[in-house]
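Worksheet: the structure to be examined is printed underneath.
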Amino acid sequence: MQARGTVKVQGDANVDGKMSTGQHPHHQHLNSTQANATTTALEYRAMNRPLYRGPISHNIISEMAEGFYVLSGGYKKLFIPSKDVYALMQNVGMHLTEEEFHDALRVIGQSEPQNADELSFSDFLLLMTREVDDTMADELRSAFFHYDKHKTGYVTRKQFTELFATLAERSTPEELEELLAVAEVDETDDKIDYNRFVNELTSRVNCM
């Protein structure tokens, strides 16, 4: 499983999802300026992420900054239309209804009607990485399917430990114990309800 699940939006593009590779002359300036402005928020989010994930990396910030630049029409704008962000999310596989999209805007603090039409880079970053968390949940659940051949909804403690020990970012023994605690498993349990585990992780992330 590729833990990041990030959406790469590169080069010249319109909002129909057709992207071409390439760098922009203002890209580097945009990255550094916006990254500095969101450092504190990112550090806070990193502390609250599930143990199998690392903090948001510079690469993720760079990719999101490039996407923001593309949606701004190639100009260094402070805000972009939220409707363009919604269209982009639809075209890169983040299938939300309009109601779900507006719910997500409320979660990131865009609850006021006068603010809902435009997003700053910080809002864009929070929104896109939040949706990545949902993609992560699907990827993690799919990883459990590898062990649950008969789709019972359960894996053994050994299989659970093996899964997290073989991920790209291997969990330490201490982290595995914490993950087992999230799964509400004690030493006498051998079966783990992985759907409940994934849902609990998702719930914790969404409460950030």
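From the backbone N, Cα and C atoms, a Cβ is placed for every residue, glycine too.
Residues or ranges marked as Ca(2+) 1 binding site by Swiss-Prot on the basis of a curator's inference: Glu118, Asp123. Per Swiss-Prot, the feature Ca(2+) 2 binding site maps to Asp148, Thr152, Tyr154. According to Swiss-Prot, the domain 'EF-hand 1' annotation covers 64-98, on the basis of a curator's inference. Positions annotated as domain 'EF-hand 2' by Swiss-Prot, on the basis of a curator's inference: 99-134. Per Swiss-Prot, the feature domain 'EF-hand 3' maps to 135-170; the stated evidence is sequence analysis. Taken from Swiss-Prot, the feature domain 'EF-hand 4' covers 171-206, and the record attributes it to a curator's inference. According to Swiss-Prot, the feature region 'Disordered' maps to 1-35.
Following the DSSP three-state reduction, the secondary structure of Asp123 (Ca(2+) 1 binding site) is helix. Taking the Cα atom of each, Glu118 (Ca(2+) 1 binding site) and Tyr154 (Ca(2+) 2 binding site) are about 43 angstrom apart.
In this structure, Asp148 (Ca(2+) 2 binding site) belongs to neither helix nor strand by DSSP; it is coil. When averaged over the domain 'EF-hand 4' (171-206), pLDDT in the model lands at 78. Cβ contacts within 10 Å of Asp123 (Ca(2+) 1 binding site), excluding its own Cβ and spanning all protein chains shown: 20.
Sequence-distant neighbours of Tyr154 (Ca(2+) 2 binding site) (same chain, six or more apart, CB under 8 Å from its CB) are Asp148, Lys191, Ile192, Asp193, Tyr194, listed in sequence order. Spacing of Asp123 (Ca(2+) 1 binding site) relative to Thr152 (Ca(2+) 2 binding site) is 39 Å (Cα to Cα, whole number).
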